[in-house]
Structures are given as C-alpha cells and as structure tokens.
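Straight from TrEMBL, the features:
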TRANSMEM  239-261  transmembrane segment
TRANSMEM  303-329  transmembrane segment
TRANSMEM  335-359  transmembrane segment
TRANSMEM  371-396  transmembrane segment
TRANSMEM  408-431  transmembrane segment
TRANSMEM  462-486  transmembrane segment
TRANSMEM  492-519  transmembrane segment
TRANSMEM  531-550  transmembrane segment
TRANSMEM  562-590  transmembrane segment
Amino acid sequence: GDLLKVKVNKLTSIKTQLPYSYYSLPFCPPKKIVDSAENLGEVLRGDRIENSPYVFKMREPHMCTVLCRITLDAKTAKQFKEKIDDEYRVNMILDNLPLVVPIRRLDQDSSTVYQLGYHVGLKGQYSGSKEEKYFIHNHLAFTVKYHRDPQTDSARIVGFEVKPYSIKHEYEGKWNEKSRLTTCDPHNKRTVVNSNTPQEVEAKKEIIFTYDVEYQESDVKWASRWDAYLLMNDDQIHWFSIVNSLMIVLFLSGMVAMIMLRTLYRDISRYNELETQEEAQEETGWKLVHGDVFRPPSNSDLLCVYVGTGVQFLGMVLVTMIFAVFGFLSPSNRGGLMTAMLLLWVFMGIFAGYASARLYKMFKGAEWKKLAFWTACMFPGIVFAIFFVLNAIIWGQKSSGAVPFGTMFALVLMWFGISVPLVFVGGYVGFKKPAIEDPVRTNKIPRQIPEQAWYMNPTFSILIGGILPFGAVFIELFFILTSIWLNQFYYIFGFLFLVFIILLITCAEITIVLCYFQLCSEDYLWWWRSYLTSGSSALYLFLYATFYFFTKLEITKLVSGLLYFGYMLIASYAFFVLTGTIGFYACFWFTRLIYSSVK
C-alpha cells in the first residue's frame, strides 16, 4: 500500500536526436510540476526529470484509472502530430528504473527485447482508406514487477514495463469527474486489450488518458534487476574484434622487436668498432643524422601544447575506464559517466602543465607562463566554441537538450577556476626541474635531407600510420556510436578497456616502425611526424562516423545532422590529441634509446 513515485523524463527520438521535456506536449500535468535535481551529466544529456500525475500503490492493482480529459485545438494537435511523425518516445522512471516496452522477437527463439520508453503514438490508415491518420497512445497498461523477501514479506521493485494502447474512450451522458467509461470498466469486465478502435489526433477531438497498473511477483533479485536492460546478445563480436586487434598488435610487436634486435645491436656494435673517420662517413642510415635528430622542430611551442593536452586526456580516459571497469559508473547512475569525465578532465590539468613545460624546457623555451596559458585554453577553447554553436542551434529548436545558462556558467567556472590554475601549477613544477639532456650533441649547421622515395613522403606515411590504430578499435566504435545515437545503454567497459590498451600499444608500435624507416632514409624531422602518424587515425574515425550516419541513422532534419557532425568532430579532435600524444612519446623514448647507445 505504499505510494510509488512515478517520474517522467525527456521525450527522445533517434530520428531527430533532440530531446524535449515531457510537459512540452499537453499531457496530463500533476497539480504542481516539481523538477527533480539533476547532476551535471544529466543536464548535459538533456534529461529533465519531473513528477507525474500517476498514482501507484504498492501491490494494489488498479484498472482503468482516468488521468484527465483534454480537448485538442489546432496547435496542440499539430504538436502531437509532429512528435508522432518524428517517432518520439516517452521515458519514465520508477525507483530509478527506466520504463520499457517488452517486444517479442518473431524469430526462432521468440525472446523478448526491451525498448526504452513507449512511442507517443503511431501513424496508420483505416482499412479501405488511403489517408494516413495519426493515433495517440492514451491508455497505458503498466506492469510493476517486484521481488518478495520471504523473511520480512517486504517487496522491492525489479521491473517497470508498459504496453501502450490507443483507444477512443466512450462514456454516457455529459462528462464530469464521476463519469464511468463504457470502453474500460473493471466492474463490467471491460478492459483494454487491443487498439482496434484507436484514438485519432485531430483538432476539436477530445482525448481521455487512462492507465492500468498490475503487479507481478518476479524471481529477479534486486541486485540483478538491471540485467534485462543490459542483455548482451553478441559477445562473440566483441571477442572477434579483440582477437582481430591482437593480430595487428602481434604483427607490429614482431616488427618492432626485429628492428630493435637486428639493426640496433648489429649496427651499434659495428659503429663503435670503427676507428677511422672515413669508414664512419660511409655508414648509411639513421646514425648519419645523429647530429640533427634532437634539433628542436618548427612550431615547437604548439607541439608542447598538444602533447600536454594529450597527457591530460590520457589521464582522464584511463581513470574513467578504471572506475567504469570496477562498476562505479553503471547505467543506473544516470549522468555519472559524463560528470566523472568532466571532473577528471579538470583535475588532470596539473599533468598537462607538467608534461608541456618539461618538453618546452628541453626545446630551450623561456616563457613558461605563456605556454601554460595556451595549454590550458587551446583544446578546451576550440571544443567549447563548437559546443556553444551547437547549443545555440539546439536552443533555437526549444529542445531540453540545450544546456541552460547556469550550467554553461558552471562549466566555464570549472575550466577557469580549477583547470587553468592547475595547469599553471604543473607548468611551474615542470619548468623548475632540470631540462632533459639529449643523448647526442646537436650540430650547429642543419644537415641537408636527401631526396626521399615516394612512399616516404610525409603525407603518405602519416595517412598509412592512422589505418592500423583505427582498425584496432573500429568494431568497438560501432557499439559506442550505437549506444550514443540510438539510445541504448553502453556498459561493456571490460571489453572497452582491453580495446583501449590494444589501441595504446598499436599507436606506439606503428609510430616507432615508421619513425625508424624515416630515420634510415636520413630524414630527421620526426617530432611532428610522430605526433601526426598515429593522430591521423582520427581522420579515419571521422570518415567512419560519416559512413555510420548514412548507413545506420535515419536522420533527415538539417539541425540533427549538424548536431551529429558537430559532436563527432569534437570526438575526432579528442581522439587525435590522445593517439598523437601516445605516438609522440613512443617515438621520443625510441630515439633516445637508439641514439644513447651510439658513442
């Protein structure tokens, strides 16, 4: 007999990607609409959780409860039609569980799949007519599943399902609060079991909203009540993708090991035995450029900024994943992932400052404050600019996905109040440390770079370098895109963590291999190229996102398309910074290692 609070969340559509708040449509409101407090992640996702007029009492079934009666005018009818056209779904929450519609699969095993939220309505024709009509789901048959504790006889909610129906309700006489429906009357054993006489959406028509609640005992324990939502039906694909990626890794590791063993040990021992200067001159390959290999690159400040940002990003991703693998960020904690990532990004600023300052000092830079400022503002600034434009577009559509001004202000405050000072602290510490010594002396005069073969052309080798890291992650990428854009839960963080480790190794190894070939052909400009080689996988990521857009998504509106590409651009940019930094550090370590063994 306890009262259960049913809350309503946003209306979502995978066709438009624009969420709206529940009461933006003229559904039955409660006496007073109360907004639940949302965390930062929920606000950014566009969740708007509010109370609802539904009254549930625990284990007391109710049939045909009338919520309210509304009469449509031209404006409200148009609103409903637009939302039905765009296939919007209504999301509700009971005891932190999202509402699902069970759908039986028609294939061999006839298993049940769960769709999040029920559709506002549907389009159809009456038999014998060609005209398309809009019908609204105005009768909801809720099922609340509970698990009984045999000792105390108390019950916990483990499931929240609904079957939506469209029915044209009828009643006798004039409508008042006590009118009994003839179409749905528990006393006369009339219940709604189908949508054979559906309720049309037209101006001047009245709609009566009703609902049933029934309670079912379930064997599902409270701890495992989320399992139905997270049903995995394709584990094999993930294992296949991991095996596929491991093959790439093994192949690359073999190449790296061969380069290390064959060339380095043989070459170094021979190089150190040479007494005369003439023979040393005849040596070809990477040892010839030892006097130029640690010459600071052009735009070295920018490289420092990007490496610092990449370190910040790497730290954020690693810590987020470790938390997620240990189950702190499960889908039941709505918005938890987003909030955690933002906070971690802000606090990782100290590492960004440190990494960029250390590199800057090695390049004999002097203005560390200017560098720290750029490190703190460049990447977040570009991302914030794109985000701001997208937000303005969403706001113009009056969607609840638009981030309110207060939240926007909080984000800016986090950036300038926590992140920027921390970058300066890290920069100060990094700059105070003694500079990293080069293993070999750099000549005064830069050596001339010989004519390169076509396949050693920078553009070509950079584009080749991005293919393998992308190949290692692209199957997992499909699942991530699906969970973001098709409103499904993503929770396979164990797999993701494995794939991420594979990505790190692949980026490092492909860069080392290509860097070695480059040095062997006496081209010593490796600083930027090492960053761009693995970073170019972001280009393939963006191309894949474009392919995904045209093959898997049914987005037709311009605004939604802009949103998709805007967010994917941000994601690709972040991926570029992350993979580029890994490639750079791998190469940095490799060149220092091989040249330190040359006397």
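Even glycines carry a Cβ here, placed using N, Cα and C.
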For the transmembrane segment (492-519), could you work out the same-chain residues 6 or more beyond its ends whose Cβ comes under 8 Å from its Cβ atoms?
232, 238, 241-242, 245-246, 248-249, 252-253, 255-256, 259, 263, 285-286, 289, 293, 317, 321-322, 324-325, 329, 456, 461, 464-465, 468-469, 472-473, 476, 479-480, 526, 529-530, 533-534, 537, 579, 582-587, 590-591
Any chance the transmembrane segment (562-590) and the transmembrane segment (303-329) are in contact, meaning at least three CB pairs closer than 8 A with a sequence separation of 6+?
yes
Give the one range among 335-359, 371-396, 408-431, 462-486, 531-550 whose Cβ atoms make the most pairs under 8 Å with those of the transmembrane segment (239-261).
462-486
Between the transmembrane segment (462-486) and the transmembrane segment (335-359), do 3 or more CB pairs sit under 8 angstroms, pairs being 6 or more residues apart?
no
